[in-house]
Every structure is written in structure tokens, then in C-alpha cells.
Amino acid sequence: MIPTVLPTYSRAPLSFVQGEGSWLMTGDGTRYLDLGAGIAVNALGHAHPALVEALTDQAGRLWHVSNLYEIPQQQALADALVEKTFADTVFFTNSGTEACELAVKMARKYWHDKGQPGRVNIVTFSGAFHGRSSAGIAAAGSGKMIDGFAPLLPGFIHLPFATHGSVLSNAVDETVAAIMVEPIQGEGGIRPLPDACLKGLRQLCDETGALLIYDEVQCGMGRTGRLFAHEWAGAMPDIMMVAKGIGGGFPLGAVLATEDAASGMVVGSHGSTYGGNPLACAVGKRVMEIVAEEGFLDEVTRKAALMRQRLEGLVAAHPDVFEEVRGLGLMLGLKCRVANTGVVQAGYAQKLLIVPAADNVVRLLPALTISDDEIAEAVARLDAAAAALTKESDA
Ligand SMILES: Cc1ncc(COP(=O)(O)O)c(C=O)c1O
């Protein structure tokens, strides 16, 4: 008999009743050190007092009014995002997938309104993940995500990861509306796109007019030590998808865009019942304020260096289990020599939560507020997990 919850997830037999910072507690009080943070969502950890306050304060006043009316919390968050980024305007969604939908629509509408309705194609790269909607799976274009879901939304051109040079420039012809790329692939196995590639994409878009769309759903909102990951390369997008960390655990996403890129999105061209509602935006605004506090992102960078150094030591100590450390900031991956799912299980045995990704990688996406002691504890637990795996394979 089919479970009452549609069985699309492979869930661990773990259930948590409470969270605090980098820790999750089960009903019997067992504490797990959480290096997944809800897959890069709980950027400020669990139950951050300032976010609890922002949410409960708003919950006591007003939950929802619809976008028929002005929403001051939405306006405030949009203003803050515009002030801190390349963008001139913001549309709020409830998820990354919805941000992908709008990014695709915005790019196509841009060219339609410029009198070039044939420019509809979006160039994407292998290993990408842009969500599970019809546009999201067509954009990624691979594997289980698309099997059985034909006909796929047309208008996507798939290139190998990090394609550059003439192969890339030949693909970006007069049918291409935009290039869509994650500056660091998350689901694809924590694969950063080199700065030179991002700069090259920006240059190509400048030459051809194609819009550059960044998907910073996973790598954005402070995770790499900058507010957005592309800032390290200094190559700005025209459109950017954001979600996950922006709501600190409350469902919230956004599309940020320049005035020019957004020029086609006039009244009636897009909408969302819940997108940008007062609860989500009250929390999102508080997340932004905290991430923007002086020294916050420098602390992320310092802790990331510490964690990376410890992880390099871990890989050196367990060459039979781990191959390398990858990633940027607190978006880190361990490429495994044994099955990554086995490493995740071994982590559970040590009361440590880590997340599998493609390319046989385990992801470490801790709360940006993780402490030095918690980093040391996490690496000690990974060490014990790796030792247990080695013992198992020797037996
Ligand atoms: C890079 C990226 N884009 C889009 C999405 C889809 O976001 P959501 O699951 O919020 O719809 C994800 C989710 O993992 C993601 O990592």
C-alpha cells in the first residue's frame, strides 16, 4: 500500500523534535551535530533567537494579505537586497524552483519585448540542479529528474560543465536568450566554477547580448563568505535566483534582476499568491540584517579556512575513504573513495548529519554560525566515521 506521504524521498529513520544552533535533538534527547542545515537553508542555525522573535512578532500581527496590497516587510527586504547587490529589482517566491521559473520567463520575455521572439533558448551545464518544476528539470536535463516526465519544456541547450572557448561561443547563437549557471554546483557535487569561467561567461554575454542568470539558491546568502558567491569572481549577472538561506528556514526565494533584464515583466506578467508574504519577509529581513552585520562574513571566511584545514587533515588521515576536499567558504564537499551513502550512514552512527551529492561527494553545509569547537567536534566525528568504515572494509 502506498504510504500516506507520497514516497518520493529516501528518508533516514531519524526524526527531530527540536533544534538549537548547529544541533538537532530527537524525541529521546539524542543530540546530532548538523552539518546539513536543512540543505543550506538554516543559515543562522536552528531557532536563532532573533529569527524566532521576528517570526513570532509578525505572526502576532499579520500572516498574509496577498500581493493585491502593499507589503512593507517585502518592500524593506527588496530594498536591502538591491542596496547590497547588482540588482535593481526583486520578485519574491517561496522556493528556488519558482525562482527558476521566473528567471526563464523573464529572459524569454526580455527578448520578446525587444522584438526578437526567436531568442528563447537557455544554455545550461551538466550536473546542474535548478529545481523540480517542468522548467527546472528541463534546464538540468538529466537522469531520474527527467525520466518519464516527457514532453520536457523545450528551449534548453545543455553543455558539459565548465565548457568554454569556441565550443561555448558557438553554442551561444542568435537563438539564445540567456545562460543559466550555478557559480558553485551543489547537488552536482560541490563543483565551483573557476572565476575565469564566470568572467568568460560575463564577457560572452556582453558580446552576444544573452542574459547571464546565476542560480545562487544553494551557494548564496553568505555561504561562501561573500553575500553572493559570484562576488569572489567580480562577474555580475543580469538575473539571479536565490532561496534556501535567504529565509533562514522559512520558505522564501527571490529573483533579483537589473532594470534592463526585468524590463519585460510588467503588470500581469507574473505573480504568486504567497510569494513575499509578511511572515517570510519579516524573517528574511532579519536574516539579511544579521548576515550584513559588520564582521559576519569575515567570520564565515575565517571559520571556513579552519574547517577546510581540518578537513584536509582528515583526508590525509583516511586516504582509503576520502579523495579530496572541495568547495568554497562553508559550502564544502568531501569526494569519497567509498560510497558516499555509506559515509552518510557512518556519520549517523556518530550522531553527525551530512548530505550526499552527485559525483560521490558528501556535502558539509553547516550553519554559518557554527563555532570553532563545533567544527573541531564535527571533524572528530567524521574521523570516527571514517575509521569505522575502514575497520568494516578490513573485516
Ligand atoms: C542550485 C539550486 N537551484 C534550485 C533549487 C531548487 O530549490 P527548491 O528546492 O527550493 O525549489 C535547489 C535546491 O536544492 C538548488 O540547490
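In case you wondered, yes, glycine gets a Cβ from its N, Cα and C as well.
Where the annotation comes from TrEMBL, it is an automatic prediction and has not been curated.
Sequence-distant contacts of Asp215 (pyridoxal 5'-phosphate binding site), defined as residues of its own chain at least six apart whose C-beta falls under 8 angstroms from its C-beta, comprise Gly96, Ala99, Cys100, Ala103, Ala128, His130, Met180, Val181, Glu182, Met240, Met241. The pyridoxal 5'-phosphate binding site annotation in TrEMBL covers Gly96, Thr97, Phe129, Asp215, Glu216, Val217, Gln218, Thr273.
Look at Ser272 (N(2)-acetyl-L-ornithine binding site): DSSP puts it in coil. Taken from TrEMBL, the feature N(2)-acetyl-L-ornithine binding site applies to Arg132, Ser272.
For Lys244, the entry in TrEMBL reads N6-(pyridoxal phosphate)lysine. All protein chains considered, the CB of Lys244 (N6-(pyridoxal phosphate)lysine) has 28 other CB atoms within 10 Å.
Listed in sequence order, the recorded positions from Arg132, Lys244, Ser272 having a Cα within 10 Å of the Cα of Glu216 (pyridoxal 5'-phosphate binding site) are Lys244. The recorded positions near Gln218 (pyridoxal 5'-phosphate binding site), taking a 10 angstroms Cα-Cα threshold over the set Arg132, Lys244, Ser272, are Lys244. With a 10 A radius on its CB, Phe129 (pyridoxal 5'-phosphate binding site) counts 23 other CB atoms from all the protein chains. Residues near Ser272 (N(2)-acetyl-L-ornithine binding site) in space but far in sequence (CB under 8 A, at least 6 apart, same chain), listed by position: Asn67, Phe92, Thr93, Asn94, Glu98. Proximity of the binding-site residues Gly96, Thr97, Phe129, Glu216, Gln218, Ser272 to ligand 1, judged by a Cβ distance under 6 angstroms to any of its atoms, singles out Gly96, Thr97, Phe129, Gln218 in sequence order.
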